[in-house]
Structures are given as C-alpha cells and as structure tokens.
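For reference, TrEMBL has these:
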type	residues	note
DOMAIN	286-339	domain 'PAS'
DOMAIN	363-413	domain 'PAC'
DOMAIN	424-639	domain 'Histidine kinase'
TRANSMEM	12-31	transmembrane segment
TRANSMEM	43-64	transmembrane segment
TRANSMEM	71-92	transmembrane segment
TRANSMEM	117-134	transmembrane segment
TRANSMEM	146-167	transmembrane segment
TRANSMEM	179-196	transmembrane segment
TRANSMEM	208-227	transmembrane segment
TRANSMEM	247-271	transmembrane segment
Amino acid sequence: MNREWSWKKANIMAGLWCLAVGLAMMALWLAKPAELAAGHPAVFGMKFNAALAFSVMGVALLLAAREFHRLPALMLALVFLYGAAALSQHLFGIDTGIDTALNVPFVDIGTSVPGRIAPNTALCFMLTSLALGLRALQRRNGLVPVGLGFATFVIAAVALLGYVIALDFAHDWIRFTRMSLQSASCFFILAIAIIFSGKEPAGYHRAVLAGALGALSYLLLLAMTYFELARYESSFGITFSSGGTNARSTLSSLVLISAALYGGLMVHLYLSSRRSRAMAADLAAHRIRLAAIIANAVDGIITIDERGVVLSVNPASERIFGYGAEEMVGRNVKMLMPEPYRSEHDRYIANYQRGGEAKVIGIGREVEGRRKDGSTFPLDLAVAKLELGDTVLYSGTVRDISERKASEQALLDANAELEEFAYRTSHDLRSPIASSLGLLGISRDMLAEGDLPALGQTLQRMEGNFRRLDHLIQNIITITRNRLMEEDTQPIDLRALVAESIDALSHLDEFKRIRIENHVPAELTIESKPSKFQVIVGNMLSNAVKYHDPKEAEPAIDVRAVRHAGRVRLSVEDNGLGVPPASRHLLFKMFKRLHPNRSFGSGLGLYILRKSAESLGGTALYEAKDKGSRFIIELPDGDHNENPLDPGRR
C-alpha cells in the first residue's frame, strides 16, 4: 500500500474517532445517568457542545476523504465560529448563552460556568477547524495548516501528559476550567492527521516534524512544571535563594539548558531537512527524466540480477518480445532466448562471476531472441555490468534487427540477381547476334552460288534469331519499366482487362483451339497500377496458352477472381503440361525455362510476373493439379498495401 493511501486512511480513522467520541458523549449527556456522574464524574469533562463540535468535525473529515470540499469547509467554519465565541467569553468575561443553548447540564464537572468549555479547548477548536478547512479548500496540506496542527499538537500533548503526571496546570489554563481527557485525545489525533497527511507536508520530512513536536512538548511541560512550582511557592509563602540548589532553580536551569540543546538540534534538523529536500527534489527530477528516457527508448532495456532474474523492462522490450512487463519481471531472462542460448545462459553467468571470459558483457554481439509466440528473430545485444554497493546488476540493451537483416538479405539477393541477369543477358543477347552473323556469311555464299531454296531456310533461321532477340529485349524493357516507372493508382475493371489481354494473345499458334473462360465478375474492380497489373495478367495468360497440352482434346483455360479481406485473388487455371515436380523449385526465377522443347522464350516470364506482383505489394503462387497448373496472384486492393521498397511506388 502506498504512503498516500496510508495517510488517507489515517485521516479517516481520525474522523471516525472524533465522530465516535462525540456521539458517545452526546448520548451520555442526553441520557443523564446520575449514578455514572456520581461515581465517575471525569467522564462528563467533555461538554455537550464540545461533543457536538467533534461530531461535526468527524463528519467533515470523512466527507473530505471522499473528495467533497465545499460542504466540509462549511461545517468546519461553523466549528471555528463556535470556538471563537467560546474563547471570547473567557477573554472578555461575557456570557453569550451558547453554553446551555442546546443542552442544560445535569452535572457541572471541570468548569466554573455550566456547559462552558475550557479556553484551551476553544482555542484548539479554532486551530483544527481552520487547518482542516484550509486543507479542504486548497486540496493540499500547505505550511499554514501544518503550523496550526503543530500548535494543536503541543497543547493537546501537554494536556495529556498533565493527566499522566497529575500536573493540573498542563490542562487547567484557568482555575476550575480544564480540557477534558476525551477532548485532549481527539485534538491529539486530529493534529497528527493534519501534520502528517499528504505528501511530505510543506516540503519537510515527517521525522523532523515528529522530533520538533516532541521537543516542544517536552519544553512546554518543563516550563509548566516550573510555573506550577512557582505557584505553590507563592501560595505557601516559601522563598528560595536565587543561587541555591533548590528545586526551582534546578528546574529553571534544566529548562534553559534543554531549550538551548533542543533549539540547536531543531535548527540543525531544519537545515539538514532543507538540504535533504533539495537533494530529494534533484533525485526525483533525475529519476523522472531517466524513467522518461527509458520508457521512450526505441531499444529494449532489461535489467537482471546476478541470478538472471528480470527486475525491470521498458515498453520497447514488451513490444519486441510480445510479453507484458508483469510476465517478464520476476522470471529468468532465459525465457527470452531460444536454444542453445537458453540452456547455456545460467552457466555463462556463473562462469563470468567466477572470473571467466566476458562473451557479451561490455562487448555486444548479435544473438537470437525468442518471442512469446515461440518465433525467433535476430537482435543486437549489449550488456553492461552495474555495481551498486554490494549488489551487482546487469543491464541489457536489445534491438530487433529483423528488418535490417531482411533488407541486407534482400540486397544480397538483388545483387546476386543483378549479376546473374547481367551475365545471362549478355550471353543471350550475344548468342543470336553471333549466330546471325554466321548465317549472313553462309547466305552470301548461297546467294553467289544461286542456291535460293537453301538461302530461304537460312533466312528463316536468321529471322528466328532476331525474334528471340526481340523477345528478350522486350522482357528486359518490361523488367526495367516495372522497377523505374512511376504510375498512379487507378480503379481497374478486372473483367475488361482480362478480356483485353485474351484478345491480345489471339496471334499465338493454336490459340483458336483453346477454350478460354473469363469468370471474373463484371462488378469486380481493383485499385492498382494499370500497366503493372496488365503485365501480370498478360504473363499468366500467355504462359497458359504457350504451354497447353497439344495432346489434350479440349485444352481449356479458366480465369477467376474474388475479393476477400481487402485483397483480390486472381487465378488462371489450365489443363496443360503443368510443371514437373523436379522443376518446381525453379518457378519464378530468372532465365528458367521449364519446357525448353515446347516453346521458345527467355525464361523471364514468371520472374517478371513475381516481381510485378511484389512491386504492388502482392504475392505470386503456384498450385499443382493432377492435370495442368493453377497460377495465383494475390494483390492488395489499394495503394496503402504496396511494397515500400518498390522503386516505382509513388
């Protein structure tokens, strides 16, 4: 339980005590038990009006604890006015009639006037009601309420001590008018609640306040003892020599020496308190700044003890590992590690503490982490050793480098693809040119010899070379355009685009014998980039046409599309040659022809298909069938899901 709630409970207990004592005494005054009054007259030392005032103050304290403010302040103002009126009767010798206005006493105990409260009681009512009222209105415990509580405490403590040591002057400020024991106890408890409630009252430590209260009560009690002794000396006509060792001179010396000692001690405590308060404020500000830095750090920060038990984590650690702070704190940090790090961690710490080699501490390295879902990921780990007196802690800073590693791998893959592309392109470009140059020499000889039939066949071979060269160049242009072309996202009529792509393939061999069904719903549209999307549809359909099975009696191609969860799934299914199982690992790679004897090509078609889909934030998939193939493209419906690494994205 925190300190603030603890002292709030103290206020509630003080209110309940005052309310209980006040109601009990009011009940006794109204019941008028003559036998109790005769046998125990001291019970009725608290007057009816005082009991009522304590009841009102108790209710006000309870309401203030429930966050009411104006009503408690009004009730406390009434108590203050009553205390002021009661005190004025003693100061000015007047009778305002308030003493018996609500209850006519059936017995007179501890007072010179029936129903009248003592002056110190009236003064304490004024002090406590004013202090509580100010605190209720200001909603904090300032210096003034603490000072008023301080004065009330001293008066009540001296009165209580007077009852303990039978010193009448401690509670009887005026002859035959005393503060009752019940009143003194209520004021004592109220003063403690006023002084020590809230955060460090008035900025001073509670220990300093407690010491000062004790010292003042002690000095006041000594002073009153001295005055009581002087009063007895005067009453009996006894005169002690000023320089002797009589009780009065000894007591006066004790008062002066104690006052000097306690005064110096209180000054020292005050100065020490100010220094401590300044240091505490600096420390609190530093702690807040440090906590804010740690809480807002992008990297995870985890603190463990010598046994590897997690002591604290920051929000970034929760985000990185997927655990809540309450799930990590108190458990061994190896829960965040996969094997073999998990099994080796405790042994590593023990070995390091025995003076072994530091493999991570003060060095940092790349390791693997384990998320709550069991997945592993790469992370950078740096561990610092913290020696705090006899305690040794370890602070680890972790950074999830999954994206960086993925980017590095993507860069390596791209470089490898670029090298392969450069090599294969230069080879495939040079091959038809070199072949055509050789055929040109042969054609020249055939023309000189007049062998026209053979010349026609040679020219056909040259035409084939140039067609392959043109096809390769077109594919290279497509790849380059996909990477570099900037294009706006537009709504695309998917059914119309498929129909247009089918019509564009009508020049291919055996196109007319293939049944192509467009099952795309007429109302289906997609937000995407038209040129890239057309490349995707064209490649899927051209592959299905080129690699149909010539032995199939009824070759067919079915095109379907559906929208689900913000994505569009386009599939082209055929009953053609399919992809041999041994060659499926080559799908979507550069310069990979899966049926080289069936149709000429560059081997870039499926690669272009995959890259075009990825540039739009989608994926390319292949599903094998008993007969034929099914190629699937899944694309996001809109620009917000595109691949951020795509150079053509705007």
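Every residue gets a Cβ built from N, Cα and C, even glycine.
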The domain 'PAS' (286-339) resolves under DSSP into 25 helix, 11 strand, 18 coil
Secondary structure content, the domain 'PAC' (363-413) (per DSSP, counts of residues): 12 helix, 29 strand, 10 coil
Counting only residues at least 6 beyond its ends, the same-chain positions whose CB falls under 8 A of a CB in the transmembrane segment (71-92) are 49, 53, 56-57, 59-61, 63-64, 98-99, 113, 116-117, 119, 121-126, 129-130, 132-133, 136-137, 174, 177
Give the nonlocal contacts of the transmembrane segment (12-31) in its own chain as ranges (CB under 8 Å, at least six residues past its ends). 43-44, 46-48, 50-62, 65, 103, 105-106, 182, 185-186, 189-190, 192-193
Pop the mean pLDDT for the domain 'Histidine kinase' (424-639) in here, whole number is fine. 79
